[in-house]
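Pulled from TrEMBL, these are the features on record:
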- E315: active site, proton acceptor (ACT_SITE)
- T32, G71: FAD binding site (BINDING)
- 168-330: domain 'Acyl-CoA oxidase C-alpha1' (DOMAIN)
- 368-547: domain 'Acyl-CoA oxidase C-terminal' (DOMAIN)
Amino acid sequence: MESILALSTDEQTAKWIPLAENYCILGSYAQTELGHGTYIRGFETTATFNISTQEFVLNTPKISAMKWWPGELGRSATHAVVFAQLYIKGKCYGVHPFIVQIRSLHDHSPAPGVTVGDIGPKMEFNHIDNGYLLLRDVRVPRENMLSRFCEVLADGTYVKRGSEKINYFNMIIIRVKMLSNEVVPTLMKACTIAIRYSVVRRQCELKPGDQEAKILDYQTQQQKLLPMLATAYAFHFMNQYMNELFSKGYREIKQRNFDSLPELHAFSSGLKAIYTEHCTAGVETCRKACGGHGYSLLSGLPSLYTRLAASCTYEGENTVLLLQTARFLVKCLGAAHSGQPVPPSVAYLSAANSERCLVRDKRDFLQPDVYVEAYRHVAIRVLSSAAAKLQALVQSGAEQHEAWHQCTVQLVHAAKAHCHYHVVKSFAEAVEKLGQEAGIQRMIKHLCGLFALHGIFSNTGDFLHDGYISGDQVDMMTASYLDLLAIVRKDAVPLVDAFDFTDETLNSALGSYDGQVYRRLYQWAQRSPSNTKQPNQAYENYLKPLFQNGLSKL
Ligand SMILES: Cc1cc2nc3c(=O)[nH]c(=O)nc-3n(C[C@H](O)[C@H](O)[C@H](O)COP(=O)(O)OP(=O)(O)OC[C@H]3O[C@@H](n4cnc5c(N)ncnc54)[C@H](O)[C@@H]3O)c2cc1C
């Protein structure tokens with residue numbers, strides 16, 4: 001439905017959306033092929049326009065062209081938005097989207113010319129039937145090409161309205177939505193489970209002779225979990241900013257003003273990559289922080305991890321996305337240096353870069369303008385140094401693509417630094433806006449500081465590299481960081497309760513609101529098939545003969 005809404009004409013929307021909304025049809029987004037996922041221009045599925053019948057004829061010319069991975073395709077979908085190379089009178093016009101009926105609406109059997117099935121077991125994602133699709137002379141009417149931005153007229157004339165990149169616009173939409181709806185809530189759930197568990201679980205004595213301590217009172221446990229909590233809040237506030245930027249851009253694009261498309265694409269790509277990377281790693285950190293019980297599926301944590309791990313790949317592979325962000329940044333840096341206007345998210349590149357951090361006391365590191373400036377400095381420095389290397393390679397005779405290839409590791413670094421700067425900045429701005437609620441503002445400001453200082457603590461080299469901060473300042477920053485761990489510890493439980501997940505949604509024996517961890521683990525373990533199956537077949541079939549055989553030998 002997202003694809004149809006973004007890519008279809010008003011008439012196409014009026015035809016297909018009510019059918020989808022009323023479950024008369026079920027859709028799948030069929031883009032990826034066996035041989036190509038990232039490189040969309042390399043897709044091999046073809047859609048050839050037949051003027052005499054006014055139809056497109058879709059084909060899978062070879063095995064690598066088979067659609068592979070689309071969700072809901074395996075056994076559920078009746079229709080798919082299939083991306084294929086458009087051919088008119090022998091000329092290729094690139095990849096376009098077509099609505100193709102793949103199963104009968106009467107008995108769900110494959111439509112004529114369609115071979116469709118499930119791709120088999122995966123690391124997780126068992127809630128979705130990812131499928132394969134092979135097309136042999138499958139015909140669809142001319143109206144089935146989604147034509148908001150490109151159309152094929154009855155006489156075979158190809159009409160373009162706007163940027164050719166617009167066909168990828170729905171990928172931006174889905175990317176932006178997945179961050180708010182799936183990625184960040186998953187980290188929030190993991191934090192809720194691990195933090196609630198860490199105030200129930202007691203282990204060892206903090207002070208000899210005392211009662212065993214809650215594990216969240218150990219500084220190392222705080223350092224595992226509380227920066228993850230701060231990350232969840234940071235991404236939440238960044239999402240609000242991104243959604244505003246996106247809504248504005250979406251309105252303009254619908255009016256066929258494509259000016260914001262490069263910025264939206266670059267920003268959503270970079271954020272998707274860093275969110276999914278940090279959230280996936282964060283969920284795994286939460287799991288490990290729950291010790292042995294975190295490894296049990298009953299904790300709810302392993303399935304959060306395996307589901308989220310897929311998001312590093314789908315809707316754009318992360319490295320590839322970061323490189324796209326970097327390409328945009330390098331272009332904007334060039335424009336900024338030559339005094340041309342640049343989009344708002346990169347306006348900071350036009351200002352001079354500060355040389356030194358002027359902090360003299362550890363408390364200064366708790367000032368948002370201090371850490372926001374430090375992140376800005378690093379983002380400009382890393383990008384400038386990658387761009388300078390790129391330029392030097394080209395000036396020394398390397399071809400542009402070769403020079404780019406030799407800089408990709410540093411370019412990925414630059415894209416990450418750009419996104420990290422924005423997340424810190426938007427978090428600090430969100431804190432400012434909470435001015436009406438002093439208590440909440442104080443709490444969230446601590447979290448914001450923790451997020452920012454955790455990033456500096458974990459990537460100290462980036463800040464030390466050109467002497468922006470000194471070794472002494474690193475010590476001050478570390479002292480503030482550790483102070484914040486103890487401060488945020490006090491609010492940790494209300495801060496996860498504020499996410500407001502129900503016990504049913506968390507589905508975790510460790511993370512329920514009432515804290516009855518051990519009772520629930522025992523009750524849920526009772527339901528395990530090995531405990532409920534009667535009689536115990538493993539004993540009857542294998543162990544009993546083994547024991548009897550052993551005894552008979554004595
Ligand atoms: C759970 C799940 C659900 C999915 N659902 C759908 C769906 O509904 N519909 C659909 O169409 N597809 C779907 N996909 C497919 C998904 O979109 C692709 O797997 C994804 O776009 C990555 O493409 P790829 O598999 O070709 O990876 P590749 O591009 O082959 O990546 C492999 C490696 O090569 C590197 N690489 C590739 N190109 C470059 C480059 N230019 N520069 C540097 N490094 C590069 C990558 O960084 C990566 O490390 C799904 C995938 C998963 C795992």
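Just so you know, the numbers here start at 1 and follow the chain as drawn.
Glycine is no exception: its Cβ is also placed from the backbone N, Cα and C atoms.
Features per TrEMBL, on structure.
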residue	record	DSSP (3 states)
T32	FAD binding site	coil
G71	FAD binding site	coil
E315	active site, proton acceptor	coil
List the residues of the same chain that sit at least 6 positions away from T32 (FAD binding site) in sequence and have their Cβ under 8 Å from its Cβ, in sequence order, or write 'none'. K67, W68, W69, P70
For the C-alpha pair, I'd like the distance in angstrom between E315 (active site, proton acceptor) and G71 (FAD binding site), rounded off. 12
Measure the Cβ-based neighbour count of the residue listed as 'active site, proton acceptor', defined as the other Cβ atoms within 10 Å of its Cβ. 24
Chain-internal residues, separated by at least six, CB under 8 A from G71 (FAD binding site): S28, Y29, I128, D129, N130, G131
Mean per-residue pLDDT in the domain 'Acyl-CoA oxidase C-terminal' (368-547) works out to 96
